[in-house]
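Trainee: First the structure, which I've put down as structure tokens, then a few questions once you've had a look.
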Amino acid sequence: MTQLAIGKPAPLGAHYDGQGVNFTLFSAHAERVELCVFDANGQEHRYDLPGHSGDIWHGYLPDARPGLRYGYRVHGPWQPAEGHRFNPAKLLIDPCARQIDGEFKDNPLLHAGHNEPDYRDNAAIAPKCVVVVDHYDWEDDAPPRTPWGSTIIYEAHVKGLTYLHPEIPVEIRGTYKALGHPVMINYLKQLGITALELLPVAQFASEPRLQRMGLSNYWGYNPVAMFALHPAYACSPETALDEFRDAIKALHKAGIEVILDIVLNHSAELDLDGPLFSLRGIDNRSYYWIREDGDYHNWTGCGNTLNLSHPAVVDYASACLRYWVETCHVDGFRFDLAAVMGRTPEFRQDAPLFTAIQNCPVLSQVKLIAEPWDIAPGGYQVGNFPPLFAEWNDHFRDAARRFWLHYDLPLGAFAGRFAASSDVFKRNGRLPSAAINLVTAHDGFTLRDCVCFNHKHNEANGEENRDGTNNNYSNNHGKEGLGGSLDLVERRRDSIHALLTTLLLSQGTPMLLAGDEHGHSQHGNNNAYCQDNQLTWLDWSQASSGLTAFTAALIHLRKRIPALVENRWWEEGDGNVRWLNRYAQPLSTDEWQNGPKQLQILLSDRFLIAINATLEVTEIVLPAGEWHAIPPFAGEDNPVITAVWQGPAHGLCVFQR
């Protein structure tokens, strides 16, 4: 039998050099590591990794070729109280594997044991890693590098975005290929999108609990192989990587960036009762934050938390991010529960992973977006990330909903959020673009559901409606659910228009949830993470609706307003913004705090947003000049207005002079 040569300790993973494959694996506490390779008949062949350089185990298998299936058995102590859970009866996934063969099904054999080890061998049913070789012609691909001030983000799910699209070939709907189809690209261009932000595409697993209920993890925030593409989104698992890169190349040619939602905060191994796939059996003590009793710190709500202050885990995370940039040409990342990235265990701006990203010539040049919280004490860190990061601005989301959906909110608070939440983000040299403004996201109500439901309706998730937030700041306008009288439909439409206008014409970086521009509803489900069905798949029959045109017109209007695209903080007297009351006078201190919800926002001295968020028709005296409404607010008869605009109840209009 072929023997392993010692090989090299870097890079991590399995790498083919034309003559054989070099295998490397980190484990600081292992006593022995076996490489297990499987032939075409499924027969297992085991080799001890002969090289041991520091905490890196390595070996070189001559004559091995791409397509070889492999895994690891890692020997070491079973000492749960100390955080060690080695079990060589279990075949483990290489954390740096580029492709996985097999499914992560709920099976007792895929568990290591809780207090006592389960020594039943699982190689027959465990997923295997696959050695891949990387040859791809990027042609003249170049990143668009859209300036932050001009960036419009569109958050979408790979499958849900195109699975029901009637103009995309049936055989590629819901796949990576569909993202690069001309129909999809033309739609994004016409809408005005500059960056497509994809929910997780790294391989993930469905939680055993969901599988037992006949459900699946749809969103993908349960990662199992961070270097491997999720194969279900590919036309063929063997060509997934090229399909994905083809889509990115096509999007880049159209000037559209691709941002990946990435999950570095936890793994699909969940809590101690969860499955054993990889990290827990390779070096549980190093990869995870471990409590004094040997259990996990659950700062993510998912059962475990990756220890991103450990040097080896920092190297692993950094290598993963570089892989997606260098191999797939992605343009940035949105980091799920990103406060975990800064835990040491307390949150620090100079945490090891932040420092590694800052010092990396590759990662420091791409767009970085944080979901700036986790669920642990001290986990809410909005505004506290290092200067390279932009952050989801939940202050904006809540203020916009409260202002327009009949909750109390002073004008001053609304204006502060409209002005990129400078009280939160104007520090450490950060620019207004650091505020990622959103009204909705994958997590929560869709925009249509915000105006149709007062309460969540998550019964389909199998948790008796306990899951999902109860703090929605929504308003059903008098009737719970979709449909209703013409008057009800019109009032809901007006609220949607107001929320979209606030999102797309405010300072900061706007993020639009895919489907909001044509009224997608999840029927009140505000936590549809396990709904891989028509509840979450976008219905494109409404894509030519007036709402889509309204949204596109707003985006194109935004691009014409210097105060919004120059990405500079607004200062008193700089001509970027003036805040006026209904009489076109500067607001008094009392009006800012106690005045009616009536406001005029003059941008770049030429564009005026006139707002009447009260329940009464109100005369709004415009500033001096000849004003006319501009699309999408201009009607067929669009007379010049020189004095007064009749502001409808709960309405707004944008003018230009």
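Cβ atoms here come from the backbone N, Cα and C positions, even for glycine.
What Swiss-Prot records for this protein is below:
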ACT_SITE  D336  active site, nucleophile
ACT_SITE  E371  active site, proton donor
COMPBIAS  458-467  compositional bias 'Basic and acidic residues'
REGION    458-479  region 'Disordered'
SITE      D443  site 'Transition state stabilizer'
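Describe the structural context of these features.
Mentor: The Cβ of D336 (active site, nucleophile) lies under 8 Å from the Cβ of P200, Y221, D261, I262, V263, L264, N265, E371, each of these being in the same chain and 6 or more residues away along the sequence.
A sphere of 10 angstroms centred on the C-beta of E371 (active site, proton donor) encloses 22 other C-beta atoms.
Remote same-chain partners of the region 'Disordered' (458-479), defined as residues 6 or more beyond its termini with a Cβ less than 8 Å from a stretch Cβ, comprise 210, 213, 215, 398, 401-402, 405-407, 444-445, 449-452, 488, 491-492, 495, 524-531, 535.
For D443 (site 'Transition state stabilizer'), the same-chain residues lying six or more positions away in sequence with a CB closer than 8 A to its CB are N526, N527, Y529.
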